[in-house]
Amino acid sequence: MHNNRAKIIPQNNSPQNYFNAQQESFGYGKFKPAWLQFANASPFLLAALCLCVLCQGSNVNGFISISISSIEKRFNLSSAQAGLFTAFYDIAFILVLIPLSHFGTKCHKGRVISFGMISLGIGSVMVTLPHFLAGKYTVGENDSIICDSSRKSQDCHNMNSSKNNSVWYLMLLLSQMLAGFGAAPLFTYGISYMDENVAQKNVALYLGIYSAASTVGPAIGFISGAQFLKIWGDIGKSNYKELGINGPSDSRWYGAWWIGFLCVGVLSLLSSIPILGFPKELPGMPTNLRNNGELMFYLDYKNLEKRKNRQQDIKQTHKDLDKNYGKSISAHLEIILASTVCLMLPHLIIGNAFLLCKNLEKNLEKKLLKNLLRNPSVLSLIALQTIESFLMNGYITFIPKVIENLFAYSASRASLITGLIVVPMGLFGNLFGAFLIKKTVHYRPTIALAIFFNLCALLFSLLFLHTCKQNPFAGVSLNYEGKTTESTQLLAPCNNKCGCSNAYNPVCDNRNHINYYSACFAGCTTHMSTVNFPVKVFIILTLGFAM
């Protein structure tokens, strides 16, 4: 059969045909040369969308995760403030869904995605501005964390409270909102844009590749970000050696977290260019879709009345979907939903719901949507994705910080370990799911496999409940005389004149395994540098009980 997809100007040179050809051409405004039309095909559309989702993944699920501890340190943020900082992306994402859903069938999806990437790029660059505008990074010398009788506690309190970073924090929140606004079209219009312009037999494979690209993005963020964190973050402003910092292994080290955001911001702006050139509908796709028997019930509106009896199958789909595959509207809808669930990352549930509701609104009666939402299979899948998204969003964001604190690793090392754990399995799952969907028409084995892996994740998550024996904490569980206590009293005669700061920097006496709030509260008067990080050696002046 002769393929007319490559033809841009039809043989019939009527004004209407010429106008239609121009509408389906690749280009920018009136600049649509013939030599550029080789890119006007679904593989290039997939490549452009993958580039966009690479930028989004490396930003939101990569650089944000590895930068949390550095941002907290730089701007003196609490964990609650850091959590709100990451949550603002999701808040903006949700707010923009309503207008996106309303105008979804009327707007040019490619252009909306392109403008979204511009917003994402601006947000990525904006998140670095507080670093450059806030002045140089200041940190106390080594002796500021040890006992100094000439320093008053009030001075330390004033030093800590004088840091006012509210302006920079608001700028960080605004940058996350811009990123959320920009990323929303990728997981709503991006999926439907590809579904409308790709042959049905290739949709699952294309969605799998698209989802895999969204997994590669965090890999780029974790791996490259780990290297950036080894670079001193205050380049051109201060010298870490002059501040008494030994290197990346020092807990006071401030890595160059902002380099990654600058790179991905520029790349996001550049990625908006190719996606902007695609037409609203690729040439030849309406004909191909009408010739596809599996999609005739979507596009043939005139014969919709003849297929009303098939809509009744929706009530039985959770019992015999495999049996009715290819025969009922509800079966096709379930197959599309199940395939997307198996292929997409947890945060794509909003995109799945939008795509499903869009098709229902255009082609099916409202009663069918009501029946569909009563279907246990559909509701179970939605609940699964919602719960998984709730878990993964927090896990990906804060697991580097957890590893950093639990094992006393540097920020760069914790980020690299997180990337090596999370990314390969996510990439394998997406590609394997795409291959499985393409090779089989029955989705039940795929769902069974997903259930199996979720059960494995549940079992392994029990490891988080494992705890180690806690060492005695001087001034909290043990007083400075060596007796058990239920009241917290950090001050004692041995440190009352040390002028200790309230900054929490715990140390441990390796002789009796007693923890102290800081070296200052332990009565240490001297700090000795060692090469075997994370061991730090302090010389203790005296304490109330034997050391």
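Cβ atoms are placed via backbone N, Cα and C, with glycine included.
Unlike curated records, TrEMBL annotations are generated automatically.
Straight from TrEMBL, the features:
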| type | residues | note |
| --- | --- | --- |
| DOMAIN | 45-547 | domain 'Major facilitator superfamily (MFS) profile' |
| DOMAIN | 488-537 | domain 'Kazal-like' |
| TRANSMEM | 34-54 | transmembrane segment |
| TRANSMEM | 75-100 | transmembrane segment |
| TRANSMEM | 112-134 | transmembrane segment |
| TRANSMEM | 167-191 | transmembrane segment |
| TRANSMEM | 203-232 | transmembrane segment |
| TRANSMEM | 253-276 | transmembrane segment |
| TRANSMEM | 335-357 | transmembrane segment |
| TRANSMEM | 378-396 | transmembrane segment |
| TRANSMEM | 416-437 | transmembrane segment |
| TRANSMEM | 446-465 | transmembrane segment |
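Below 8 A, the CB atoms of the transmembrane segment (112-134) and the transmembrane segment (253-276) form 3+ pairs separated by six or more positions in the chain. Taking every recorded stretch in 34-54, 75-100, 167-191, 253-276, 416-437 and counting its Cβ pairs under 8 Å to the transmembrane segment (203-232), the highest total belongs to 416-437. Simply put, out of 34-54, 167-191, 378-396, 416-437, 34-54 has the most Cβ pairs sitting under 8 Å from the transmembrane segment (253-276). Comparing 34-54, 75-100, 378-396, 416-437 for CB pairs under 8 angstroms to the transmembrane segment (167-191), the maximum falls on 75-100.
Averaged across the domain 'Kazal-like' (488-537), pLDDT in this predicted model comes to 69. Beyond the transmembrane segment (75-100), the same-chain residues lying 6 or more positions past its ends with a Cβ under 8 Å from any Cβ of the stretch are 60, 64, 68, 112, 130, 134, 160, 163, 165, 168-169, 172-173, 176-181, 183-185, 188-189, 350, 354, 393, 397-398.
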